[in-house]
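Some features that TrEMBL has for this protein:
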- 123-470: domain 'PUM-HD' (DOMAIN)
- 187-223: repeat 'Pumilio' (REPEAT)
- 263-298: repeat 'Pumilio' (REPEAT)
- 335-370: repeat 'Pumilio' (REPEAT)
- 371-407: repeat 'Pumilio' (REPEAT)
Amino acid sequence: MKLDTEMEMLLNEIPLLHHDGLLGGDAEAGDLSFLIHELAAMGIVDGDDEPPAPVVAAGSIFPKKGDDLLAPPHAFSAANHHAHMPSLFDPFPFDGTDGWCSPAPAPVAATPRSRCKNARRKNAAATTTSPKKCGAAAAALTKSQGGESLAGLRGFMYHVARDQHGCRFLQQRLDDGKREVDLIFAGVSRHAAQLMVDPFGNYLMQKLLAVCDAGQRMALVLALTADAMVLVRISLNVHGTRAVQKLIESLRTDEEIRLVIEALHPGFLDLIKDPNGNHVVQKCLQSFDADDNKPIFDAAALHCLEIGMQCHGCCVLQRCIARSRGEHREKLVVAIACNGFELAQDAYGNYVVQYVMDLKIPKANSSLAQQFEGKYIHLSMQKFSSNVVEKCLKVFKEADKAKIILELLATPHLEQLLQHPYANYVIYSALQNSKGSLHSALTNAIRPHVELLRTSPYCKRIYSRALLKK
């Protein structure tokens, strides 16, 4: 009981001493650091210099899928007190009379409801203090102390980085010069993987990647790629994906790019189909050369059917085609064309097929025409594949267009296609993209059903064609 009372007194003194220094009080510059070290000695927090506590089984340095990625690397020994501990950088209420902070409340046993009431009373009393004065005082303190405030946090930088206000403070200090960058890098680099998936720490890591030098950047790359699945799981995280994208943007050397691509390679399929991970793959395609992205192109070609039929994968597959060149693009297009019939009938895959057709690559379009031949009626009566048939009538060669129209004319029940909610669009496209004797044959086949065209809701567009009204 005596230890718990002493511990709570120390926790209550942290915001008091911080803001006492903020206003120019008598507190010494080392008081904050001294209190943090006392908390560490009592087991409340652990230092950055101590070995991280394992969060997974031996042999893995990162939590497996399903584990809590945001769990701290060390277990706190007094979680019940930490839950009520004010943030080190939270605004502290002032009484507005003499410019000094109100004294710390005496440690008394209080219920959660009484604590909430006390907090509301303090917040009401704090309204007399001007926010502008508090901001000016904070700026003056930072300017006067220079790097001393960071030196006082040495050994506990990781815990500060995971706090909302502490993370913002460290980001501001990164703009002060190389010395501050080196101090913060030394404090957080060993915990880069944990901070990149932290709701607040990921912002610090993004800023750090933008200002660190080549040696520090390489050290981070080596740490994050030592185990391939670490970078993959960070990329799958909603916070980690932004940090990894910033890492990719900051890479400069071939060695760094090679390490990152090799680390992501085992999880390419999961990344491409993930709402967070697909942005990491697209950032690689956008930032790296075609030769560097060869493993991505190979994986996309190998799994094009599975990727193309997924909502995120179809976008990545189209981006792969756009960013590839030469043999890489040819391999991708051939793989997609070979699976064209299955992709054309899919809600997402049909967009991939249409994208390939718009490239007007003779070999690919010829392959698709051979797969679709004899099946145009079936494809025209489906919601997604009917769009593909319309695209065929626009981009195929005249000979292939003629085969489509002849297949439509050969059906014994053309009136069913005219009234069909999807096939009627194919008939309309055939009228638009045909000419000569073929167009005449099509209009002559439709005219006997003119009364049907007037009354059916799906046939009005066809009836509106000037040639059919004559």
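Cβ atoms are placed via backbone N, Cα and C, with glycine included.
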Q. So what's near the repeat 'Pumilio' (187-223) in sequence-distant terms, Cβ-Cβ under 8 Å and 6+ beyond its ends?
A. 48, 52, 61-62, 69-70, 72-73, 153-158, 161-164, 166-167, 170-171, 174-175, 178, 181, 230, 234, 237, 239-240, 242-244, 246-247, 250-253, 255-256, 259-260
Q. Within the repeat 'Pumilio' (371-407), how many residues are helix, strand or coil going by DSSP?
A. 28 helix, 0 strand, 9 coil
Q: For the repeat 'Pumilio' (263-298), give the DSSP counts of helix residues, strand residues and coil residues.
A: 27 helix, 0 strand, 9 coil
